[in-house]
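Peer 1: Okay, here's the structure, questions in a sec.
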Amino acid sequence: MGPASFPALGISQLESGVRRMAILLLALSRVISTPSILSPSHPMARELSLAQATELSGFGMLVLTNLFSINAKVTLTESPRLHFPVMALISHPHPSIALSPDGTRLVSGSADNMVRVWDVKKGTLLAGPFKDHSKAVQSVAFSPNGAYIASGSLDRTVLVRSSSDGTLIAPPFTGHTDTVQSVAFSPDSTQLISGSSDGTIRLWDIRNGTLATDPFLGHTGGVISVAFSPCGQYVVSGSDDRTIRVWNVQSGFLINDPFTGHTNIVWSVAFSPNGQCIVSGSDDRTVRVWHTHSGVLVAGPFFGHVDTVMSVAFFPDGTRIVSGSWDSTIRIWDLSDIPGIPSTSKYPPALPSSDLAHSGMPPTDWTVKDDGWIMNYDGNVLFWAPPEVIQRLLTPHCSSIISRFGTIEVDMSAALFGENWKGCYVSV
């Protein structure tokens, strides 16, 4: 079956409370026949509720999380091209999820200290719950070969187990002195990186749980997010010290100065598919894209979220990124017209872009600031919008918003600002 474009979809009903999580699984480039709706009676729906993750699988499945409701109800308009389930996940709070490389399984880490493995197509429990951690599980990851699952916990340990039966392949990895916030496998599935609230990053040999190098030191705050580069030579970390750092895996040293610009905690970092760029999401509500080796900001900051950006990821083609926020919205950002963003796209854009947001006044001609002011790139104030409008506003480079609130598009093509206000006058 060939690639399928992103379907025209509508979320016709979504009841949402405060700070509860649901998960949307949307087919982006490959269609597999599964039910369109996962009801609250679905086995997985009873088990999962809190997941702070946004993940793109290797074959184009998008996992989007951030629709908060303890009784989430999601209704999706029918589409013959959308065949992944929409999951309303309620009950146990789950801080972390991850997809298997083939997209058929999902692993969840829970605040009840347990790890579970699910069948994505059926929503049934495949393995677990595994109860080896003594405190909440903060992060989970599948190995690229699909054979292993790693979990990091509030109990300061890292566990690696078989993804098929949950058997631990080594004793607990110990050494961190505070919560393990993030774990990630190397591309060859032989090593694991962990980031901790103790401010360190540790590289482990998964076969025996021993350190492959000395801990990576340098962050002045807790390490919240870590990721391997596609080539396996580098690791990126985001921290509550507001910086992003890129490390050489073999030496454990920084390859450049810390990336600075975020004004609050960096919650999520991810490499582009070719490893040349890094995307970050922060408590400052922005999304930023950096050059991996120089640390130069090549795109952003992208404004539009009105609360913390918890998770970010690149699309497989490298021309778009997705961000999930505590504001209960998911934004798709288009990087295709930004210099310095290499593309690996083989197909036309999978998501529809707004004609209005990109007409008349080009996308680079205005931006939304953190305080709600709409400004042009000369620094001139154009107009102000309240948070409830910004939350729904298609902003420059934001091609789509997935939200229970709907979207607002502003036609700038006939706007008259500054000295052009005189054009409003029509003589009679």
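Cβ atoms here come from the backbone N, Cα and C positions, even for glycine.
All TrEMBL annotations are machine predictions without curation.
What you see is a predicted model, and the numbers here were worked out from it, not measured in a lab.
Dumping what TrEMBL says about this protein:
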REPEAT    96-128  repeat 'WD'
REPEAT    130-171  repeat 'WD'
REPEAT    173-214  repeat 'WD'
REPEAT    216-257  repeat 'WD'
REPEAT    259-300  repeat 'WD'
REPEAT    302-336  repeat 'WD'
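Structural setting of the listed features?
Peer 2: Mean pLDDT for the repeat 'WD' (96-128) in this predicted model: 86.
Within its own chain, the repeat 'WD' (130-171) is flanked in space by residues 95-102, 105, 107-117, 177-189, 192, 194, 196, 204, 206-209, which lie at least six positions past its ends and keep a Cβ under 8 Å from the stretch.
Residues 138-145, 147-148, 150-154, 156-160, 220-228, 230-232, 235, 237, 239, 247, 249-252 of the same chain lie 6 or more positions beyond the ends of the repeat 'WD' (173-214) yet place their CB under 8 Å from a CB of it.
Mapped onto DSSP helix, strand and coil, the repeat 'WD' (216-257) counts 0 helix, 19 strand, 23 coil.
Per DSSP, the repeat 'WD' (259-300) is made up of 0 helix, 22 strand, 20 coil.
Taken residue by residue, the repeat 'WD' (302-336) breaks down under DSSP into 0 helix, 19 strand, 16 coil.
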